[in-house]
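As recorded in TrEMBL, the features of this protein are as follows:
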DOMAIN    41-290  domain 'G-protein coupled receptors family 1 profile'
TRANSMEM  27-50  transmembrane segment
TRANSMEM  62-82  transmembrane segment
TRANSMEM  102-120  transmembrane segment
TRANSMEM  141-166  transmembrane segment
TRANSMEM  200-229  transmembrane segment
TRANSMEM  241-260  transmembrane segment
TRANSMEM  272-292  transmembrane segment
Amino acid sequence: MGGDNGTEITEFILLGFSGFGFLQDHLFWGVLCIYVVTLLGNSLIILLTLADSALHSPMYFFLRHFSVVEILYTTTIVPRMLADLRSSCHTIPRASCFTQMYFFALFGVAECCLLTAMAYDRYAAICCPLQYTTLMNQGTCASLVGASYFAGIITGTIHSVCIFTLPFRGANTIHHFLCDIPPVLRLASASTFWGEVGKLFITVAFIFTPFLLIVASYTCIIATILGVATSEGRQKIFSTCSSHLFVVILFYGTATAAYIRPQEDSLGDKDQILSIFYTVVTPMCNPFVYTLRNKEVIGAMRRLM
């Protein structure tokens with residue numbers, strides 16, 4: 001309930017899509033279908049990369065963990081969203097809000113770091129083919145995946161603990177469909193300076209820096225592609241990393257549009273729609289992006305059948 005005259009808030013209200021009126025029923029069924037497809041598609045990728053020996057390479061090792069993170073990432077958000085779309089009561093206990101924020105940050109940062117690891121794998125395969133097996137040995141791959149999860153744990157812990165140790169004694173309405181960091185931080189009744197500093201540090205360290213590393217990897221890859229003599233050779237090399245590049249653009253494009261904006265512009269319905277793209281739609285697209293144009297995955301599907 002909302003706090004008053006020093007009473008600490010014990011519940012928040014997720015405003016969600018209350019402004020969409022009659023569209024909420026359509027949104028419920030649309031999100032439910034997307035969620036089911038996300039679970040089935042990413043589960044299929046996990047099964048294929050485990051069962052088929054032809055897919056036991058570093059690229060598919062990273063893809064398997066990426067699919068695991070996608071399932072956990074969207075499951076942190078969608079079930080609660082679906083329940084709110086079908087209910088008139090949108091309250092969420094403070095402890096549940098803390099938990100959702102923690103896992104949302106954890107899996108979001110882990111996804112950013114895994115995208116960076118996948119970009120490095122493509123860089124090693126294309127720019128350093130003779131040293132590829134040495135650079136991307138089993139220990140290196142396991143370390144990169146472990147570092148991705150560790151970065152997510154550190155981020156989730158710092159953000160959620162720092163924010164929820166602040167006092168909340170005023171308004172308790174969150175203008176979002178999840179307990180994301182910016183809208184919850186705005187409700188704190190004390191100075192949020194250190195919360196903003198922590199948010200900036202984590203953003204630079206675990207989101208912006210991985211993005212710069214991805215850009216650096218693809219700069220080297222593009223330079224290598226341009227150095228190939230034949231157009232057929234260039235096309236073959238580019239096809240090996242086009243799927244990953246598309247996922248990077250889709251994820252970072254929508255997330256950046258939602259977060260890198262003035263605060264006064266980030267409370268409306270546009271922010272909700274953008275958030276749906278990188279929290280719900282993107283995890284569904286990934287299985288299709290990595291399978292429809294991938295002959296190895298298609299072949300593994302046929303063998304499994």
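The backbone N, Cα and C atoms fix where each Cβ goes, and this holds for glycine too.
Remember, it's a predicted structure, so these values are computed and weren't measured experimentally.
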May I ask which of the stretches 27-50, 62-82, 141-166, 200-229 has the most CB pairs under 8 A with the transmembrane segment (102-120)?
141-166
For the transmembrane segment (62-82), could you work out the same-chain residues 6 or more beyond its ends whose Cβ comes under 8 Å from its Cβ atoms?
14, 16, 28, 31-32, 35, 38-39, 42-43, 45-46, 49-50, 92, 100, 103-104, 107-108, 110-111, 114-115, 117-118, 121, 141, 144-145, 148, 177-178, 279-280, 283, 286-287, 290
Mean pLDDT for the domain 'G-protein coupled receptors family 1 profile' (41-290), as a whole number?
84
